[in-house]
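Some features that TrEMBL has for this protein:
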SITE      R15  site 'Transition state stabilizer'
SITE      K22  site 'Transition state stabilizer'
SITE      R152  site 'Positions MEP for the nucleophilic attack'
SITE      K208  site 'Positions MEP for the nucleophilic attack'
Amino acid sequence: MEYIAIVLAAGQGKRMNAGENKQFITLVDQPLIIHTLQVFAKDAWCKSIVLVVNSREKQRIEQLVDGFSLQKDICIVEGGAERQESVFKGLRSINDPESLVFIHDGARPFVTRDHLHKLAEVASQKQAALLAVPVTDTIKERNGEKLTTLDRSVLWAAQTPQAFQFDLIYKAHKSALDEAFIGTDDASLVEKLGYPVQIVEGSYQNIKLTTPEDLERAHSILKSGIKEI
Ligand SMILES: Nc1ccn([C@@H]2O[C@H](COP(=O)(O)OP(=O)(O)OP(=O)(O)O)[C@@H](O)[C@H]2O)c(=O)n1
Ligand SMILES: C[C@](O)(CO)[C@H](O)COP(=O)(O)O
């Protein structure tokens, strides 16, 4: 089973407050973005990688990727101001309408091959699937003064990768653009088309490195050697 991975690295990492894009932060032995790319580079099911970067950092990332000699065809494209725009630019660079496309945050370096393969199997049958984990907190909805408690048994926290048949996700992005709809993930754009999206249960270790606290967790995952690909 084959897929093309779009890996997103064109953000600014403002919440990380590192003074530069968090993708360049060194995690133990190498930059965050290299950890993430290696997961896909080492996966035999991954045909090629589209790495989405911001224009100011293109040269720096190209040099970094060359320096680590990743064993995969990697095409570097420029992203946009919003995550959704970056994904669409990545999609537009793909000339393979039959393909299965994985969309993944460069800031999630701990996804495992086992989960990639489970996701590929479901998405190839059902056209649209994402990794997600059951919510463990009690979630409150606040509407003005009114507070309600949501039924946790039906709540899932969305992760990436999210996997789709190319035509479906392209159509979902095009439609969102036409309607000026911005979603916080790609599955939400497919949901909006009325198409069912499958959940594949992921791992709580597949964190997105968003704030400095997440860096501590990432270091401890790497140092304890739990990271399995
Ligand atoms: N215009 C954007 C914004 C985000 N991303 C990517 O989308 C992923 C998830 O986004 P997030 O964690 O929010 O990253 P940033 O946008 O970099 O962080 P922040 O919102 O704190 O600035 C990241 O890998 C980020 O590089 C992107 O490719 N293009
Ligand atoms: C796509 C995503 O990783 C799903 O959890 C996430 O929504 C994107 O990041 P952000 O922190 O919401 O910008």
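Residue positions begin at 1 at the first shown residue.
Cβ coordinates come from backbone N, Cα and C, glycine included.
Automatic, uncurated: that is what TrEMBL annotation is.
Feature annotations (TrEMBL) mapped to structure.
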residue: R15; record: site 'Transition state stabilizer'; Cβ neighbours (10 Å): 13
residue: K22; record: site 'Transition state stabilizer'; Cβ neighbours (10 Å): 26
residue: R152; record: site 'Positions MEP for the nucleophilic attack'; Cβ neighbours (10 Å): 12
residue: K208; record: site 'Positions MEP for the nucleophilic attack'; Cβ neighbours (10 Å): 14
Quick test of your reading of the structure: among the recorded sites R15, K22, R152, K208, whose CB sits under 6 A from ligand 2?
K208
Would you mind sorting out which of R15, R152, K208 (the recorded sites) have a C-alpha within 10 A of the one on K22 (site 'Transition state stabilizer')?
R15
Roughly how many angstrom lie between the C-alpha atoms of R152 (site 'Positions MEP for the nucleophilic attack') and K208 (site 'Positions MEP for the nucleophilic attack')?
21
How many whole Å apart are the CA atoms of K208 (site 'Positions MEP for the nucleophilic attack') and R15 (site 'Transition state stabilizer')?
12
Can you see whether DSSP assigns R152 (site 'Positions MEP for the nucleophilic attack') to helix, strand or coil?
helix
